[in-house]
Amino acid sequence: MADERSKLEQAGEGTNFSSDEIDRLRKRFMKLDTDASGILETNEFLSLPGVAANPLASRLMDVFDENHSGDVDFQEFINGLSTFSTKGNKKEKLRFAFKVYDIDRDGYISNGELFIVLKMMVGNNLKDAQLQQIVDKTIMEADKDGDGKISFEEFEAQVGGTNVYQSMTLDLF
């Protein structure tokens, strides 16, 4: 039991969760892991409440999947959820939001990446040409150093003054 507790404490290092919260998340993870493989495949991850209906569900899965394995292990699960906890700070939440847009994980949001993610959100409600105009205007406004892409610092300057990060808080317990 003590060994199990220390494993949970170790898993929780660097997160915003107490060991009791980690234990509750482990139990939730095990319920989601319907095939008891120790990892969440895409279909299991999408069974998280509110995720399947989210137009960015595939991007959320990719951001949680820190090692690019195509699935989410328990450590990745709690690391990702930590951002959404009530104890997650503004910068963590903005960093997560940035990663949703940074598809190739190069530390920048390109014109193409912004288009893809916005297309996921608006679907066919806008013509591609209209969406491209929005993307171009957004890049122009946010890109302060003129390199044609948005760095995290530029992203933070653009959206940090909004309350978007507040919508990234979930009551997990």
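Placement of Cβ uses the backbone N, Cα and C atoms for every residue, glycine included.
According to Swiss-Prot, the feature domain 'EF-hand 1' maps to 20-55, an assignment based on sequence analysis. Within the model, the domain 'EF-hand 1' (20-55) shows a mean pLDDT value of 92, rounded to a whole number.
Here Swiss-Prot flags Asp33, Asp35, Ser37, Glu44 as Ca(2+) 1 binding site. Around the Cβ of Asp35 (Ca(2+) 1 binding site), 10 further Cβ atoms fall within 10 Å across all displayed protein chains. In the three-state DSSP assignment, the secondary structure recorded for Asp35 (Ca(2+) 1 binding site) is coil.
Per Swiss-Prot, the feature domain 'EF-hand 2' maps to 59-87; the stated evidence is sequence analysis. Break the domain 'EF-hand 2' (59-87) down by DSSP state and the numbers are 17 helix, 2 strand, 10 coil.
Annotated Ca(2+) 2 binding site per Swiss-Prot: Asp65, Asn67, Ser69, Asp71, Glu76, in sequence order, evidence recorded as sequence analysis. If you draw a 10 Å sphere around the CB of Glu76 (Ca(2+) 2 binding site), it holds 19 other CB atoms from the protein chains shown.
For 89-124, the entry in Swiss-Prot reads domain 'EF-hand 3', with the evidence type sequence analysis.
For the recorded site, Asp106 (Ca(2+) 3 binding site), the DSSP three-state label reads coil. The Ca(2+) 3 binding site annotation in Swiss-Prot covers Asp102, Asp104, Asp106, Tyr108, Glu113.
Counting only same-chain residues 6+ beyond the ends of the domain 'EF-hand 4' (130-165), those with a CB under 8 A from a CB of the stretch are 90-91, 93-95, 97-98, 101, 107-111, 114-115, 118-119, 122. Feature annotation from Swiss-Prot assigns domain 'EF-hand 4' to 130-165; the stated evidence is sequence analysis.
Swiss-Prot lists Asp143, Asp145, Asp147, Lys149, Glu154 with the feature Ca(2+) 4 binding site, giving sequence analysis as the kind of evidence. In this view, Glu154 (Ca(2+) 4 binding site) is surrounded by 20 other Cβ atoms within 10 Å of its Cβ, with every protein chain counted. DSSP gives Glu154 (Ca(2+) 4 binding site) a helix state.
Inclusion criterion for the binding-site residues Asp65, Ser69, Glu76, Asp145, Lys149: a C-alpha placed within 10 angstroms of the C-alpha of Tyr108 (Ca(2+) 3 binding site); this criterion is met by Lys149. On a Cα basis, Asp147 (Ca(2+) 4 binding site) lies 31 Å away from Ser69 (Ca(2+) 2 binding site).
Here Ser37 (Ca(2+) 1 binding site) comes close to no residue that lies at least six apart in sequence on the same chain with a C-beta under 8 angstroms from its C-beta. When the alpha carbons of Asn67 (Ca(2+) 2 binding site) and Asp104 (Ca(2+) 3 binding site) are compared, the span between them is 13 angstrom. Here the domain 'EF-hand 4' (130-165) has, by DSSP, the following mix of helix, strand and coil residues: 23 helix, 2 strand, 11 coil.
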